[in-house]
Each structure stands twice: as C-alpha cells, then as structure tokens.
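Presented below is the structure to which this report refers.
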Amino acid sequence: MSRMAEQQLYIHGGYTSATSGRTFETINPANGNVLATVQAAGREDVDRAVKSAQQGQKIWAAMTAMERSRILRRAVDILRERNDELAKLETLDTGKAYSETSTVDIVTGADVLEYYAGLIPALEGSQIPLRETSFVYTRREPLGVVAGIGAWNYPIQIALWKSAPALAAGNAMIFKPSEVTPLTALKLAEIYSEAGLPDGVFNVLPGVGAETGQYLTEHPGIAKVSFTGGVASGKKVMANSAASSLKEVTMELGGKSPLIVFDDADLDLAADIAMMANFFSSGQVCTNGTRVFVPAKCKAAFEQKILARVERIRAGDVFDPQTNFGPLVSFPHRDNVLRYIAKGQEEGARVLCGGDVLKGDGFDNGAWVAPTVFTDCRDDMTIVREEIFGPVMSILTYETEDEVIRRANDTDYGLAAGIVTADLNRAHRVIHQLEAGICWINTWGESPAEMPVGGYKHSGIGRENGVMTLQSYTQVKSIQVEMAKFQSIF
C-alpha cells in the first residue's frame, strides 16, 4: 500500500489541522514501511475539542432515546458494511493477521455498539414512596463530556467499547487513540458522522499520551476518563484526573493472568486453550493467561502437546487467509519483548521453543518475534512476575489445589484467570477463590457485549461492557416531591 495522506484531527464533524504543528509517523510493523504522517493534538486543540463536544452533547442529550438508538444502529450497519475495508486498515496499522481483524476486531466492536443502542430506551430512573403525601424519584442524567484513551492492540474495538456506552447514555466523547495505531479511530469518527451523530459528539485527537492524553485528563471540562493501557500510565491518568477536577475514571490495565490445568483435564483441550491464551494476536492481549500452571505429573505430556500446536502456527503474509500469527505492533515493543526473553534465559528458565526473532524472507524488515515457550519456570522469575505483552508462555508446575490457588493469586495483577477441569465442583470452588475480575472455565478469551470486563487489584477500576457500564456513564439525580403543606420549625 502506498503512503497515505497526512492524517488530521477530527473535531466537530470534520477533519481539521492541529494547531500544535507537531506530527508523528505510524508504521506498518509487518515490513517497517511508513503508513502515514499524523498530526498531533496540542493543548489548544484539546480546548477546541472540548468546546465542540459541549455544544454537541446538549443537542445529543436532548434527543429522544429512540432517536439516539436509531443513529447508533445506523453506525452499526455502516461498520458491518465496511468490515473488510476497516479490517485491512487495522491490519496495516497493527500488524495483526487479516484473518483476525476481519473476524474479530470490527465485528466485536459493532456488537457492543448494537448492544448499547438497544439499551438506550431502558435507561430509567426509579420512584420511591416515602409516605402518603411524599415520594422521591430519580433520574439518570449524562455526565456531559467524557474522554476515552485507547491502547494500541485493539484500536477500533477499544474506541467502540468506550464510545458505545458513553454515547448511549447521552454523553459526548473525545477519544485519543494510541499514537502507535491511530488510523481506524479516525474512520470510526467518519462513520458516526455519516450515521447522523451531531457534530462534536465524537471527536478524535491523535497525539502522544504524555502530552495530548495529559491535557485531556487535566481539562476541567472533562467529567470522566476511561483509559486502557499499562499500570504505570493508568496511575498517572488517575492522579491527573483527581487532581484537576475530581473526574470519574474507568481503568482497564495490565495483567499477568494464571491458567490452571488440573490433573483431570483433557490435555488436548488444555493445550488448545493455552495456545489461544498466549499466542492469539501474537500475545498482545491484556487478558492473556501467560502463567500456565500444570500438575507436575502432567508436565511432559502437556509440553509435547504445546510443541505440536506451535508447529501449526502460520506466520507470514498478514493478508494471506491462512496466516494466524503476525508481527508485534512496533519495533520498540519487539525489542522490549526480546529483552524479557533474554531475561528469562538468564534467570534459568528453559526455552522449549522460539526465543528469538523470526528470520528469512518476509520477516527481516518487520517486528517479528517467534512464538516462545518457557518451561521449568519459577514464581520469582521476571518473565513470571511482569507483563510481557508478547508471544511468551511460561509453564509452571504444582502439586496441590491449595498451592496453585495461593501461587495464582500471588501477583499485583488481577485481570483474568482460567481453569481447565472436568470436575464441576472443583471448577466453581477454585474460580471463587481466584482474585481476578474476568474468569473462564474450560475456555478462554471471549468477552461478549453482555459480559462486564475489568480487573481486581492493580489491573483496573470499573468495568467495560454490560449494563453496569452504561450506568457508569450517568449520574443519579434524586428529587423529593411533597404534596402536603410544608412544615417549618420557625
């Protein structure tokens, strides 16, 4: 693909130049080619976007629930009509295989938008009787202007996961995509406008997180910030949001999730789940189950099943329908993953497979890392303690149920967890003791629109998806009505 035209900001229903004068480049990580130069939003641009959003939000919130629902449903239809076009752009920008982006990224994002479009008319208050002459009623009102700050691994899906409930509740959103993968969020803004969303209700500000993101989190005109990213960045966002105007926050942060295989499990099923929990999207999924606990007596058999499945991984041309493994999202990220792999070897973990970059025709110019499996791992190893966010699996062994529960919970993270077992009683007994917000039994990775997702401990605050997320984009107003004569003590 030839280099795209310079990308601008999207404010008040159309493209506009950044006043900052700064730009950055977005790269195709499969081959290292520059996709586009992108303008970076500065402080004045954030001010413009907030004013635009404030104007648009008043118009949007004044519409009936059915009017808002119809507009969002039109956006869903356009997303599905343009699935292939958007998936191709997402593949170019992220490096993910087209077989993945065309069946997951836009599809699941559109599903979430459709889900919230359907919930809009059901967003209701309540009536509370006090006595014969008095009652209270409540209203769920929009927060106003909210900000979404996205991560680079699922650009358009995250933009939809954040904007769908926010818009459904009557808010306007200013969205800052990751500077690594900014392109499809701009296309989403076009689609919202085409569907009939009032100008200003969804503005997109590409830019560097330390600048554009900070301006958003500090801005007094922003009522809430929804952030997806790393723990360290999330803490800064939260601190800025509280210090500036006591904003509400939703934080979807990192994970180092355990996948526990029990001795009664079907090892073929367990190996299939472990592969998806580590190598789907080249390991760049926040919920990945990278700490794979297996009974000591099952270790050798499990390792052989993993090795057989690694042989089935098809890396290569990301637009080949048979390819199911792409490069990492950027060269700096590739180098960081390679540092972790080197650290694992240095600390004594044994490389079962991988452990280096992929080499040869089609790989040498891209950010490719081979699917890597470590075994003989210990809980104190860096690769077991820290989030790598790449195609790196760590296999650990255990002896008893109590032991593995304790070790699985021995982490600052608490995003996800999963178990594989044929024992229904054990499944629920163990899951109820795991300190994680998203749990799977005999499966991994699915996050449907109806399912609230979010983390315990350092993995986040609040939830995305589900009914409770729609409610989190509202504020409750309580009104008491007195029908009898008011009695004063004065």
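Cβ atoms here come from the backbone N, Cα and C positions, even for glycine.
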Candidates GLY200, GLY254, GLY362, GLY366, the one Swiss-Prot lists with GLY150, ALA151, TRP152, LYS176, PRO177, SER178, GLU179, GLY230, VAL231, ALA232, SER233, CYS286, GLU387 as binding NAD(+): GLY254
Additional site residue, ASP77, ASP84, ASP93, ASP111 [criterion: listed by Swiss-Prot with THR26, ILE27, VAL180 for K(+) 1]: ASP93
Packing count at GLY150 (NAD(+) binding site) (other Cβ atoms within 10 Å of its Cβ): 29
Cβ neighbours of GLU252 (active site, proton acceptor) where a neighbour is any other Cβ within 10 Å: 27
Candidate nearest ILE27 (K(+) 1 binding site) in space, where candidates are the recorded positions GLY150, TRP152, GLU248, GLU252 and distance is Cα-Cα: TRP152
For SER233 (NAD(+) binding site), the three-state class that DSSP assigns: helix
GLU179 (NAD(+) binding site) as reference: those recorded positions from THR26, GLU248, GLU252 with C-alpha within 10 Å of it: THR26
Nearest recorded site to GLU252 (active site, proton acceptor) by CA-CA distance, among binding-site residues THR26, PRO177, VAL231, SER233: VAL231
Binding-site residues listed as THR26, SER233, least Cβ neighbours within 10 Å: SER233
